[in-house]
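K.L.:
After the structure tokens below, expect a handful of questions from me.
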Amino acid sequence: MASLLPPPKRAKLYHGVPEPEKPEPEPSPSIIVQFVAEDDGRSLAPAVQLPANVSREDLEVLVNKLSSNEEEEPVPFSFHIALPPPKDAVNTPPTRITISKSIEADVLSNPTSPLTVEDKFVVVCSPQAIFKVRPATRCSSTLAGHGSPILCASFSPTGAQLATGSGDCTARLWDLHTEMPSHTLTGHAGWVLCVEWEGLERRLATGGHDGHVRLWDPRAGKAVGDALRGHTKWVTSLAWEPVHLNAAAPRLASSSKDGTVRVWNVGQRKAEYTLGGHTASVNCVKWGGGGTGGKGVLYTASSDRTVRVWDAQNGRPLHTLKDHAHWVTTLALNTDFVLRTGPFDHTSKRPASDEEAQAMALARYNAVLSTTPELLVSGSDDQTLFLWSLFPSRTGDSQARDEATERGGKLKPIARLTGHQKQVAHVAFSPDGRWAASASWDSSVRLWNGRTGKFIATLRGHVGAVYRLTWSADSRLLVSASKDSTLKIWDLKTYKIKTDLPGHTDEVYCVDFVADKLVSGGRDCKVKM
């Protein structure tokens with residue numbers, strides 16, 4: 001006996017009308033894609049033919065399959081396509097479209113894109129950090145204690161401790177496990193303008209409006225000896241000698257409004273030498289790991305419109321950069337993050353001795369220099385920035401060496417970065433050195449290519465001057481602090497605001513982001529995490 005088929009389903013009726021049939025999805029066109037590396041433009045794999053709607057995640061899997069061995073860990077990538085500039089435009093950088101969904105959704109559907117399915121798509125692949133920092137979404141603590149505006153804040157290299165300096169003449173240490181104050185450091189007779197951690201977290205240095213530099217033991221919360229005296233005006237910034245150059249007894253450099261930079265021997269509590277070439281206030285000092293022979297160099301930026309470069313061993317002047325037309329207020333190195341964190345990376349491994357710490361820090365520093373020399377960005381009140389490569393790469397980069405030889409004594413910048421409408425307040429390189437971000441009094445943040453200085457995007461959203469910037473350790477998040485009392489976290493795929501962090505009731509002067517915690521402080525005398 002044959003089995004009976006079930007009766008057909010009754011068709012749905014909408015107000016007495018049968019449901020219209022769903023249209024067939026349009027087939028996705030096939031396109032030819034060439035994957036190239038961002039660093040040097042080399043091809044990662046032969047050109048392949050793909051459907052245009054392949055997702056970004058599948059592109060990542062494909063690049064890993066085509067370019068690496070099976071045993072290697074898959075590398076996360078970000079992808080973008082550089083569009084050619086318009087024919088009538090002069091000196092316009094190519095527009096870049098970040099692929100966040102697929103080539104079809106982001107490029108072919110983009111009305112500004114001149115590319116069609118007949119073109120060959122050159123997809124630029126940028127490797128990302130293998131770890132991911134959780135984005136901040138809310139304020140977990142509001143820490144009161146300071147009696148005046150908070151002028152500076154800095155996490156220790158591992159992110160385990162936090163120091164803040166204030167206009168109430170004190171610095172404070174905070175316990176990040178309980179998010180409570182642990183020590184109040186009193187001794188300065190004026191505002192505490194800068195706080196700086198030693199690379200292995202054994203000392204904290206503070207500089208004040210009284211012209212004194214003080215050293216503190218962060219565990220005991222007590223001063224280490226008396227103040228280091230010598231400056232005749234207030235101290236503007238501090239920089240410790242990097243761990244990979246000197247782990248056992250690092251020296252400390254301090255710049256001052258009096259136009260000098262002093263390098264202190266912390267153990268003997270005396271100034272080793274004073275750099276006196278500037279004719280106006282020295283606004284910023286950076287201790288780089290480069291230089292001839294890799295012995296370290298000091299970069300100083302001054303209100304005399306120059307940036308000077310010094311041999312850190314003996315204070316000998318190496319270069320004077322005179323391209324800015326107004327006060328030079330901020331400096332950043334593409335090695336800033338590895339110089340600051342030294343031997344500490346995302347694996348949380350701690351060195352057992354000073355020698356091991358120095359070796360670990362040197363390995364991390366050399367890993368950054370394997371693809372690029374140490375680069376410097378200087379920002380000025382003349383509304384521009386300059387990107388400099390002062391020392392050729394130590395990894396046999398013959399082109400950089402030839403260029404440096406050709407220049408002789410006259411150093412030319414790699415690029416002049418223009419676009420801000422008011423003075424530049426701060427500049428910061430991403431930890432991987434691929435991006436540079438600049439904050440300005442024109443309420444905008446601008447993104448630049450960290451290797452070439454090419455303009456990438458303008459981040460708009462603040463309604464007041466932007467004072468400070470900081471990057472997450474994985475280079476995926478950029479945070480800006482502003483006069484408008486907010487912090488903003490920017491999405492670097494869309495160049496739009498990812499998270500708005502309100503909460504402060506007045507201007508935000510300082511912000512820092514190490515490990516997975518974000519801290520800010522400002523005119524409302526509150527520290528927020």
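Backbone N, Cα and C atoms are what each Cβ position is placed from, and that goes for glycine too.
Not my notes, these are from TrEMBL:
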type   : residues : note
REGION : 1-29     : region 'Disordered'
DOMAIN : 31-81    : domain 'NLE'
REPEAT : 143-184  : repeat 'WD'
REPEAT : 185-226  : repeat 'WD'
REPEAT : 228-274  : repeat 'WD'
REPEAT : 275-320  : repeat 'WD'
REPEAT : 417-458  : repeat 'WD'
REPEAT : 459-500  : repeat 'WD'
REPEAT : 501-529  : repeat 'WD'
K.L.:
Determine which residues of the chain contact the repeat 'WD' (417-458) at the Cβ level, with the cut-off under 8 Å and only residues 6 or more beyond its ends counted.
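P.N.:
Same-chain contacts beyond the ends: 38-39, 93, 96, 126, 129, 326, 329-338, 368, 372, 375, 377-387, 464-475, 478, 480, 482, 484, 490, 492, 495.
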K.L.:
Over the repeat 'WD' (185-226), what is the model's mean pLDDT?
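P.N.:
Here the mean pLDDT over the repeat 'WD' (185-226) amounts to 93.
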K.L.:
Using Cβ atoms only, state whether the repeat 'WD' (501-529) and the repeat 'WD' (228-274) have three or more pairs under 8 Å that are 6 or more apart in sequence.
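P.N.:
The answer is no, given that the two segments have fewer than 3 Cβ pairs within the 8 Å cut-off.
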K.L.:
Cβ under 8 Å, sequence separation of at least 6 from the ends of the repeat 'WD' (185-226): give me the contacting residues as numbers and ranges.
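P.N.:
Contacts of the repeat 'WD' (185-226) (Cβ under 8 Å, skipping residues fewer than 6 from its ends): 148, 151-158, 160-161, 163-167, 169-173, 232-240, 242-243, 247, 250, 252, 254, 256, 258, 262, 264, 266, 269, 339-340, 342-343, 354, 357, 361.
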K.L.:
Taking DSSP states H, G and I as helix and E and B as strand, how many residues of the region 'Disordered' (1-29) are helix, strand and coil?
P.N.:
0 helix, 4 strand, 25 coil
